[in-house]
Amino acid sequence: MTTPHINAAKDAFAPICLLPGDPLRAEFIANSFLTDAKQVTNVRNMLGFTGTYKGVPVSVMGSGMGIPSCSIYATELIRFYGVKQLVRVGSCGAVQPDINLHDIILAQGASTDSGVNRQRFSGLDFAAIADFGLLRKVAEQAEQTNLKVRVGNVFSADLFYQDDRSRLELLRKYGILGVEMEAAGLYGVAAEHGVAALTVLTVSDHIARGEAMSSSERQIGFRDMVQLTLDALI
Ligand SMILES: O=P(O)(O)O[C@H]1O[C@H](CO)[C@@H](O)[C@H]1O
Ligand SMILES: O=c1cc[nH]c(=O)[nH]1
C-alpha cells in the first residue's frame, strides 16, 4: 500500500507514532530507543521506522517543517495507517525570560498565525489543544522522575524568520512559552479525525536573548525529551 507520501505496508505503523520534524532525528530515535527498528517508508527521504519499546510497538517518522508538511503526514498516518496517538517531539525557540535552553515544554495549547484550523473549522476560531490523557501521562512521568517541564501555550508560526520584535513582546505578554511551527496544525488534524495528539518540545534557541544550542547539545537535550515521552506513553 502506498499513499502519495508514504510507501509503507498497510500494517507497517504502530498505533503510537512519534513525529520529529527532522527525518534524521526520526532515524536517531529509532536507532537509539527502539528495539528491532525497521525503516518502513522513505518517500522524499521523509524516513519512518517501526520497532518496539519495552515490548510495545512504536513508530517514529519525520514530519518536515511547518504545518502544511506535518498535516500531510499526520493525515495519511491516521487515515491510511491507523495511527491513533501522534506525539510531536520537536524543538522550539523560547519566549519567556525564565525559560532556558534545554528546558522541556509540553504544549497544552497552540496559538498560531496559520489559517489552517479556520479552514477546517468553517472560519471559526478553533482552540488547538493537546489530548489531556497524553498530556497528563507525560506531565506525571516528568514529576515522578524529577524532570522539570513547563506546560502551557506555544505559538506555531508559519515564518521561521520573523524579525518583528513587537510580536515577540506580544507573545511574551500573553504567556506563550515557545515558538515552533507545527503543533497547532497537528492538533487540528487530530481533532478532525478524533485521535489523540501531543507536542513535546526541547528549547533549542532563546529568541529574545539570541541564544542557540550547539548541534551536540541538541542531541543530548532531545534524548531527555524522547526518553521522557516514551517512558510516559509505554
Ligand atoms: O526541530 P523540529 O521538530 O523540526 O521543530 C522546529 O524546527 C524547525 C525549524 O527549524 C521547525 O520544524 C520547528 O517547529
Ligand atoms: O520554530 C522554531 C524552532 C526553533 N527555534 C525557533 O526560534 N523557532
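Each residue, glycine too, has its Cβ placed from N, Cα and C.
TrEMBL: automatically predicted annotations, no manual curation.
According to TrEMBL, the features are:
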BINDING   HIS5, GLU180, MET181, GLU182, SER204, ASP205  purine D-ribonucleoside binding site
DOMAIN    15-219  domain 'Nucleoside phosphorylase'
ACT_SITE  ASP205  active site, proton donor
SITE      ARG218  site 'Important for catalytic activity'
Neighbour-count leader, CB within 10 A, binding-site residues: GLU180, GLU182, ASP205: GLU182
Euclidean distance between Cα atoms of ARG218 (site 'Important for catalytic activity') and HIS5 (purine D-ribonucleoside binding site), Å: 28
Recorded positions whose CB lies under 6 angstroms from ligand 2, from GLU180, MET181, GLU182, SER204, ASP205, ARG218: GLU180, MET181, SER204, ASP205
Distance-selected recorded positions near ligand 1 (C-beta under 6 Å), from GLU180, MET181, GLU182, SER204, ASP205, ARG218: GLU180, MET181, GLU182
Span of HIS5, GLU180, MET181, GLU182, SER204, ASP205 around purine D-ribonucleoside - largest C-alpha separation, Å: 30
Residue from GLU180, MET181, SER204, ASP205 whose C-alpha is spatially nearest that of ARG218 (site 'Important for catalytic activity'), among the binding-site residues: SER204
Under 8 Å by Cβ from MET181 (purine D-ribonucleoside binding site), counting only residues of that chain that are 6 or more apart: GLY21, MET65, GLY66, ILE67, CYS70, SER156, ALA157, ASP158, PHE160
Cβ neighbours within the same chain of SER204 (purine D-ribonucleoside binding site) - under 8 Å, at least six residues apart: SER91, CYS92, GLY93, LEU101, ALA212, MET213, ARG218, GLY221
Other CB atoms, at most 10 A from the CB of HIS5 (purine D-ribonucleoside binding site): 17
